[in-house]
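Read through the structure below, which is laid out as structure tokens, and then see the notes.
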Amino acid sequence: MSNVGKPRTAQEIQQDWDTNPRWNGITRDYTADQVADLQGSVIEEHTLARRGSEILWDAVTQEGDGYINALGALTGNQAVQQVRAGLKAVYLSGWQVAGDANLSGHTYPDQSLYPANSVPSVVRRINNALLRSDEIARTEGDTSVDNWVVPIVADGEAGFGGALNVYELQKAMIAAGAAGTHWEDQLASEKKCGHLGGKVLIPTQQHIRTLNSARLAADVANTPTVVIARTDAEAATLITSDVDERDQPFITGERTAEGYYHVKNGLEPCIARAKSYAPYADMIWMETGTPDLELAKKFAEGVRSEFPDQLLSYNCSPSFNWSAHLEADEIAKFQKELGAMGFKFQFITLAGFHSLNYGMFDLAYGYAREGMTSFVDLQNREFKAAEERGFTAVKHQREVGAGYFDQIATTVDPNSSTTALKGSTEEGQFHN
């Protein structure tokens, strides 16, 4: 019988946990025997998830003040342009999936209203686009990008339910090829964007269960998925229960009509929660309301006073009015200073949404008033970017693989007379 897909034994799993530096400082509230029992007799290979996780982990654990930064993408082609331009990771936010890329086909606010398998679907779409670009580049002998299939960090939201929902969602993320996932400590049924009001926290222990479930799914799948814990305690004013003694110092005693408890928000509960999450998370993210380096520093120092090697993440959010808070020179060095504090993964959650919407509005505004002049201005900027910065999508037929599939056709039939790119307007007007 073939050994392909053979599951690991409990002894092999335990040895990996005990000897692999990847798991230094990580706590699991389950045993290797339990993981082995859950595997089944055949384990699928998750090449993209494993490879991406390893690349991401290597990037965020490099020595010094370096960091990896990413932009939120909501389409495959946006991710391709990010990698072509030089970024080394892609971020996928639930907000953008809710707004314009979910499987229901509707536009939603960031309140977990869309089908739960939507984010894994977009992860798969982005990976497919990156794989296609890699294939195109390889057939053309284009080595300008050293790694097309970069890690994708995807939004698990509040898990869309309890621990079992988290487990299944994490499995779907891994199958789609996500390198990392993040999970927030809000009540899933009341989930809100981190920059909206009305957020309801869950007890600290309940979120530890979420993180434990996400890790378990990765262990069963045999992938070193990067698990990121997010806390919304800086702004949230409600919590479901007073059952966890770690939350009790922040509970005011007041109740709402729904039965929720009022809590004191701010830096202190964020640090307390982060310390509780640290043994279960590879990275920790505190959602904030402004781009505040001093707040970030206090958070990092508070967490690292007990967990000195804890890696951190930071949302450089479009919900901040950056120029209203910081001068140009402060903005220019913002990410570098965060990196020095230990914020090793930094991302702009809604970059794709803003780029897509403003880009089309700007073109349409000009087109409505100037006709073809507006589009030709765009095309000329594309030509200039192609000449000076390596932009390739001005050759749109080539960008989506017309030449690549021509090569497949001529491999099957060297005498094929029906190839697509040869004789096209693109070949005649753009390939010179």
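Using the three backbone atoms N, Cα and C, a Cβ is placed for every residue, glycine included.
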Which one of these stretches, 1-24, 241-264, shows up in Swiss-Prot as region 'Disordered'? 1-24
Residue counts for the compositional bias 'Polar residues' (11-22) under DSSP, helix then strand then coil, are 11 helix, 0 strand, 1 coil
Cα-Cα distance linking Asp155 (Mg(2+) binding site) and Ser319 (substrate binding site), given in Å to the nearest integer: 17
Let me know the most crowded of the binding-site residues, choosing from Ser93, Asn315, Ser317, Ser319 and counting other Cβ atoms within 10 Å. Ser93
Is Trp95 (substrate binding site) helix, strand or coil when read with DSSP? helix
Rounded Cα separation (Å) that holds between Ser317 (substrate binding site) and Asp155 (Mg(2+) binding site): 14
